[in-house]
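S.K.: Just passing along the structure, written as structure tokens.
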């Protein structure tokens, strides 16, 4: 049996719409991600378990794990009866790269089972293709960091598509999932089709400034450049609590940045000192979570990405 773990991720990181993403892991050692296992069987089957198993479509044709297996069989021209198990631990439509977790874990497991027919570049392209079947458009800001780990920028027009961006070791990422769904399709539909020239200039300056600051180890400049002028002004209305209010409160408590994780409704809060983390986490649990499905996790950068695990 082959078993693969794929971690949750924060797409966009405020400043890099459809371009930046980072893989995350809870600092307490918990697993925030999906597991997929595959083994020989007489007949094909998919079994679902995990904290959010009930959010997975019942019909096989709608299951992204099945779609990954079917597409891989088409590419490899091989069809083998297998048993695939998905342990779904990242909520669907949460802004934490839930579909990417399932896609990455599935394709890494399937590719390994088939003798690694595809290299990493080919796998990544296939992951982006499968992500497009879920969200309605091909993008890599979740699948790339989920697969390869770290903070990454995706350059779709060039051969070396996924590039690692150095982060800061003292950065702590608090993520707060309120327990409600916001689909990627819906969150993309609220975005304008065109942006002003000034918005384009500002976006380019923020993103290039952030990348430059990360490479030159200018932490303050990097923090100052985490500004979302592309998605946040339009997606903030989809959140259950006013984002400006949240940002103001967490910054008063010592956070250095706050924004929407991916398409939302999860938000991220960035801290660069440890002594403010507990207070901010407790406050978010009280004022942002909407039901018992919501959670707050204190995370750090996951540098490994997907991994073949034992058991």
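In case you wondered, yes, glycine gets a Cβ from its N, Cα and C as well.
In case it helps, Swiss-Prot gives these features for our protein:
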BINDING   91, 92, 93, 94, 95, 96, 97, 98, 99, 100, 101  ATP binding site
S.K.: Say we define neighbours as other CB atoms within 10 Å of the CB. Which of the binding-site residues 91, 95, 97 has the fewest?
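M.R.: Comparing Cβ neighbour counts within 10 Å for the binding-site residues 91, 95, 97 gives 91.
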S.K.: List the residues in the vicinity of the ATP site, defined as same-chain residues other than 91, 92, 93, 94, 95, 96, 97, 98, 99, 100, 101 with C-beta within 8 angstroms of the site's C-beta centre.
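M.R.: Neighbours found: 8, 90, 142, 262.
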S.K.: Taking the Cβ of residue 101 (ATP binding site) as the centre, count every other Cβ atom within 10 Å, in any protein chain shown.
M.R.: 28
S.K.: Give me the count of other Cβ atoms within 10 A of the Cβ belonging to residue 99 (ATP binding site).
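M.R.: I get 22 for this one.
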S.K.: Relative to the Cβ position of residue 93 (ATP binding site), how many further Cβ atoms are located within 10 Å?
M.R.: 22
S.K.: Three-state secondary structure of residue 91 (ATP binding site) from DSSP?
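M.R.: SS state of residue 91 (ATP binding site) = coil.
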